[in-house]
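Asker: According to Swiss-Prot, the protein has these features:
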- Ser92, Asn108, Val109, Arg110, Gly258, Gly259, Arg260: substrate binding site (BINDING)
- His96, His106, His145, His175: divalent metal cation binding site (BINDING)
- His106: active site, proton donor (ACT_SITE)
- His175: site 'Important for dimerization' (SITE)
- 240-275: region 'Important for dimerization' (REGION)
Amino acid sequence: MKPDAQHVKQFLLRLQDDICQTLSAVDGANFIEDSWRREAGGGGRSRVLRNGGIFEQAGVNFSHVNGDAMPASATAHRPELVGRSFEAMGVSLVVHPRNPYIPTSHANVRFFIAEKPGADPVWWFGGGFDLTPYYGFEEDAVHWHRTARDLCQPFGEDVYPRYKKWCDDYFFIKHRNEQRGIGGLFFDDLNTPDFASCFAFMQAVGKGYTEAYLPIVERRKTMAWGERERSFQLYRRGRYVEFNLVWDRGTLFGLQTGGRTESILMSMPPLVRWEYDYQPKEGSPEAALSEFIQVRDWV
């Protein structure tokens, strides 16, 4: 099967619709849509749910950009892309709940293809999902990783362990020497064994996100919380901001190549705080988080 960008685009548009409808049904609030065009080619649909019953902010973004040539920053490490037109498309989302006992979640699936006459296209898929709890619950982490493992199973026994490790390695905040959360799946440059298999895997990851996340939301949404939990949640959200602005390749690439800033920064939490030399009280649930987010085999 030859790479079919149009087929991928239709799936991504449906995936954005499905995820937004599912999150709206859980929350009770609706997304607002902001459609945009990119002068250099392409555009997208940014959707945001704000101040909902459960989600303080949820952003679900679809983008499809194209051009006659790749920027020099992208071809420096990939000389085979020089002189090719390209298309890049994907769905990216981040959900920031209000209740500190519900973790923040992030998911992304994407496709890239570069073509020139008389040559085979260069293409690959990427994506994944990861979870960032503020208070650790083992059953939530096990469910998240079991869902990830089960969706990987049809594609090979080594797929889950490989992409789990990649996720743990990627979502590491080097300047803090700590994980961003408990990980999940992360893959990139996927183009073997063939287009159909890779596309099927990307679809499984995209659809698997809500199956992994929503049972956790349902389990935690009625838990009572107060000022202490909220203060800790806002402090830990600072780590999310630090990772995205300092280390995340997608954020940096988007900002450095003239991407749409509002859509790129849609992943930012609406409220966040920093505190100099914060130390949680010994033996407290807040202190337990640093141990909980250590890399381990959850399933």
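Heads up, the Cβ atoms here are built off N, Cα and C, so glycines get one too.
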Asker: Express the distance between the Cα positions of Gly259 (substrate binding site) and His145 (divalent metal cation binding site) as a whole number of Å.
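Answerer: Pair distance, Cα basis, whole Å: 32 Å.
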Asker: With DSSP as the reference, give the number of residues of the region 'Important for dimerization' (240-275) in helix, strand and coil.
Answerer: 22 helix, 0 strand, 14 coil
Asker: Nearest to Gly258 (substrate binding site) by Cα distance: which of the binding-site residues His96, His106, His145, His175 is it?
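Answerer: Result for Gly258 (substrate binding site): the nearest of the binding-site residues is His106.
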Asker: Measure from the Cα of His145 (divalent metal cation binding site) to the Cα of every one of the binding-site residues Ser92, Asn108, Arg260, then give the nearest.
Answerer: Asn108
Asker: Does DSSP give His145 (divalent metal cation binding site) helix, strand or coil?
Answerer: helix
Asker: Taking DSSP as the reference, which of helix, strand or coil describes His106 (divalent metal cation binding site)?
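Answerer: The three-state answer is strand.
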Asker: What count of other C-beta atoms do you get within 10 angstroms of the C-beta of Asn108 (substrate binding site), across all chains shown?
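Answerer: If we count other Cβ atoms within 10 Å of Asn108 (substrate binding site), we arrive at 21.
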Asker: How big is the gap, in Å, between the Cα of Ser92 (substrate binding site) and that of His106 (divalent metal cation binding site), rounded to a whole number?
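Answerer: Approximately 8 Å lies between the Cα of Ser92 (substrate binding site) and that of His106 (divalent metal cation binding site).
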Asker: Enter the number of other CB atoms within 10 angstroms of the CB of His175 (divalent metal cation binding site).
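Answerer: Taking all protein chains shown, His175 (divalent metal cation binding site) has 9 Cβ neighbours within 10 Å.
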Asker: Could you state the whole-number distance in Å separating the C-alpha atoms of Arg260 (substrate binding site) and His96 (divalent metal cation binding site)?
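Answerer: A Cα-Cα distance of 21 Å.
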Asker: Among the binding-site residues listed here (Asn108, Val109, Arg110), which has the Cα closest to the Cα of His96 (divalent metal cation binding site)?
Answerer: Asn108
